[in-house]
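Engineer: My questions all concern the structure below.
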Amino acid sequence: MATVLTKSGSPPSADGTNSPTESKGPNINVSSETLSSSIPSLGIAVAERRFWFQRAKSYDPTAIATQVSVFDDPDTAEKYQPRPDWENIHRFDPLERWTWGEEHRLIRKIDWRIMVWACIMFMALELDRANIGQALTDNFLGDLHMTTNDYNLGNSIFKLAFLCAELPSQLVSKWMGPDRWIPSQMVLWSIVATAQFWLQGRTSFLACRALLGILQGGFIPDVILYLSYFYKHHELSLRLGFFWTAMSIADIASALLAYGLLHMRGVQGHAGWSRFRGKNGWFTEKEEKIIVNRVIREDPSKSDMHNREPITPRLLWQSLKDFDLWPIYILGLVFQMPMAPIGQYLTLTLRGLHFDTFQANLLTIPYTVIHMITMLGITYLGEIFNELTLIAASGQVWALPFLIYLNSVDTAGVNRWVIYAVTTLLLGYPNAHPIQVGWNSRNSNTVRSRTVSAACYNMFVQAGGIVSSNIYRKDDAPLYRRANKQLLAICCMNIALYVLVKAYYLFRNKQKARKWEAMTTEERLAYLATTTDKGNKRLDFRFQH
């Protein structure tokens, strides 16, 4: 989540001094004198060890984990009280206490019972939408009497349909509830994916891509919003890293499946590519209380809407015009462009380097493995160093030397294994997608804004995918010299863009801090009680960067 300041200017540290470290929640300094003697003891105010490998030998699993929050101060508790119709109000209790051992066991349980299934669902989506890359190696274009430009058009139609469905799907999910809408999406898109077996030509290909995009669009922000109800902000970022790792695992599985399915070419008169188709609850009452209270203590804004409360047109407009989130949207538009066209055409490139159909599919696996490792690596680094922008920019820095190489040599005369190695390392770049999705969620600061911004961010990512699908053109084939120069220019632009986004959020935080620190304690309490500022426009909110 985003950081806010205490009455004294910054969050109190364990030794009682003010520390510049991140605070947990809309932060008003709560002193021990403020708390009634009848209130159960809180945990010692310590910098939370976010990962198991950071826990010191002195780690005590029986120690109280409940940290001080705005709900422990009578002056501020009522200002952040959850609304009475919130779906979890029956489990909300500011007096609830739990130990570090209970919290860490519960997080592992949530991982297995919620997160793992979210990853499996994402793998199902990726298998259905991405196996077209493997199909290309089996004379897919020739069988359907299509050209490279037809293939680009199909990718663009899919991404455009996916993009257009993002926000409507998210609004339907907010109205129905993700627990009802997500399974419905999966059933519908599976029917369309199965229909790909009977593709006959360009028209049926384009129709299937459009339907898949419409039905799969919105799934990702739906799941992200759903997961945000179970995890703290830094925990969500790390889980999103594994969420997109599941996509990479699906890509590996797709390549392995392709090796077998494409050997079936000619069986029963069909091409190989045509076979790509693809009571009491889990938690105790105590666990439900911990889930609700640990999350709401960190971010009270997660209780400002009911889970099945629709977004009205007025609320939608308020979210869309939130200019403070647009820097992250713009990053979503461009950050994958330098690498995406090379990835989309990798199997065709490998065929052009005289690797056979089966080798071309298997050779896509190494870069996917590298990509998984680097993506998880920078997601962890971003949270360990509490630095989102510059860590996210590392993917562009990684890609830069490889793009320079592709623009500096005559790739037609270079050994094919050298080209393969360069391409593999380029596509193994550390993808900032999990960081940026979590970053967008933190800086939203209301359920309403988080619902819309998750869809908007992904819409910009899909728009970037549409642009990327049309950078490699037939008239520039097979070496794509013009396109590679464009990719290099975009990469350099992106590095500068990350720096500008960092500067923007620093500027906005200084603006807010100047006004907040000029207030007296009484003025701050009066502001909290009377302000009409919402979400990230509140003066007690700080943007993360």
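Each residue, glycine too, has its Cβ placed from N, Cα and C.
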Engineer: Can you say which of 110-131, 418-439 is given as transmembrane segment in TrEMBL?
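Structural biologist: Based on what TrEMBL states, transmembrane segment spans 418-439.
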Engineer: Select the range from 211-230, 362-381, 418-439, 451-472, 487-507 that forms the most Cβ-Cβ pairs under 8 Å with the transmembrane segment (323-342).
Structural biologist: 451-472
Engineer: Suppose I define contact as three or more CB-CB distances under 8 A, residues 6 or more apart in sequence; do the transmembrane segment (211-230) and the transmembrane segment (388-406) meet it?
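Structural biologist: Per Cβ check, the transmembrane segment (211-230) does not touch the transmembrane segment (388-406).
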Engineer: Any chance you could find the range in 388-406, 451-472, 487-507 with the most Cβ pairs under 8 Å to the transmembrane segment (418-439)?
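Structural biologist: Stretch with the highest Cβ contact count: 388-406.
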